[in-house]
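**Student:** This structure is in C-alpha cells; I'll ask about it shortly.
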Amino acid sequence: MANPAPNLECRMYESRYPDVDMAVMIQVKTIADMGAYVSLLEYNNIEGMILFSELSRRRIRSISSLIKVGRTEPVMVLRVDRERGYIDLSKRRVSDEDKEACEERYNKSKLVHSIMRHVAETVGVDLEELYVNIGWPLYKKHGHAFEAFKIVVTDPDSVFDALTREVKETGPDGVEVTKVVPAVSEELKDAFLKDIRRRMTPQPMKIRADIELKCFQFDGVLHIKEAMKKAEAVGTDDCPVKIKLVAPPLYVLTTHTHYKEKGIVTLNKAIEACITAIEEHKGKLVVKEGARAVSERDDKLLAEHMAKLRMDNEEMSGDEGSEDEEEDTGMGEVDIDGGSGIIE
C-alpha cells in the first residue's frame, strides 16, 4: 500500500493566531454588506474581517476604491477571539512604518514557507511536523528562520546540528523512555541544503561607470592602454575591474560583486588611477555617469548603444579616404590585451 501524501498545509508561525496591534498580510476574498472577508496569509489562510468603518480615516465615497477582491496588503489586528476564531482587522490604523515592516517580514516568511513546503513534499513529511522540529525552533533562535537559512548557504552544520527533538521509546522492560535525537536527518539536511542554496545564494550585482578617455599626444592610444591597465589593476578578487571600449572616446568600467558599496568604491578608485595615469601624458578623463548598480535592462541598452556606435563608425570609415585613416587622433579602439593596443 502506498504511503499517504504528506499534509502540506500549515501556518508560518508557531502561534495559531496573530497578536492584537500586530500588522499582518491579508488577501481580500469577498465583500459583504458590512465589510470585507479576508484570508490571513501568514496563518494558513484563516478568516478575518475588515468592517467598512475601518477602511479609511476619511469619509468613504467609494468602497471599490479602497478595497478590492484579490488584493494583498498589510492590515492591523484589532481583536482576536481565539475560542470562536473571529479576527477583526483595520486598514485605516496601520501606519506606513507598520506596512513596510509587515511586507519585509512577509516576504521573508513566504520564501521560508516555500522552502519548507518543498522539502516536506520531497521527503514525504507533514509540513507542520517539519515546522515543529525545524522551522519554529529556528524562528526562536535566530529571530526569523530566513536569517538561519542565510547561514545555511555557507555553514549548514552550525544551524542544523544544533536542532534536536524528543522521541518516546519503549525499553526492553516495557518502560517508556524519552530520548533526545537530532531533528535533522541526513536526508532532510540534503533536501534543505539543495533548496536553500538554489534559492538564497546571493547573485553578484554589476556595477558600472561610463567615462570619456582622450589623449592627443604622440602614442596617445598606447597611453590610453596603460591608463586602462592602471584602472584594472585596482580590482580585487571579490571586485575585479574591467574596462571596455564602447566607441572612441567612450568607455565603460564594470565590476561584478556581492557588495554594492564596495563595488562602487572600487570603481571610483579605478577611475582615479586612470585619471592620474592619463594626465601624466596630458590626456583627459571625463566621468559621464558615475559608478552605480545596473540591471539587465541597462546592459541591454548599453549593448544596443554600442552596436549603433560601431555601425556609425563603420559607415564613417567607409566614407573617409585613406588619408583620414592614417591620421592618429589618439582615441582609437584599444585592445588592452593585445600587443599594439590598437584593434585593426
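Backbone N, Cα and C atoms are what each Cβ position is placed from, and that goes for glycine too.
In case it helps, Swiss-Prot gives these features for our protein:
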type: DOMAIN; residues: 21-92; note: domain 'S1 motif'
type: MOD_RES; residues: Ser56; note: phosphoserine
type: REGION; residues: 309-344; note: region 'Disordered'
type: COMPBIAS; residues: 314-336; note: compositional bias 'Acidic residues'
type: MOD_RES; residues: Ser317; note: phosphoserine
type: MOD_RES; residues: Ser322; note: phosphoserine
**Student:** Would you count the other CB atoms within 10 A of the CB of Ser56 (phosphoserine), including those on all shown protein chains?
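**Tutor:** Ser56 (phosphoserine) is surrounded by 15 other Cβ atoms within 10 Å.
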**Student:** Can you break down the domain 'S1 motif' (21-92) into helix, strand and coil residue counts using DSSP?
**Tutor:** 10 helix, 36 strand, 26 coil
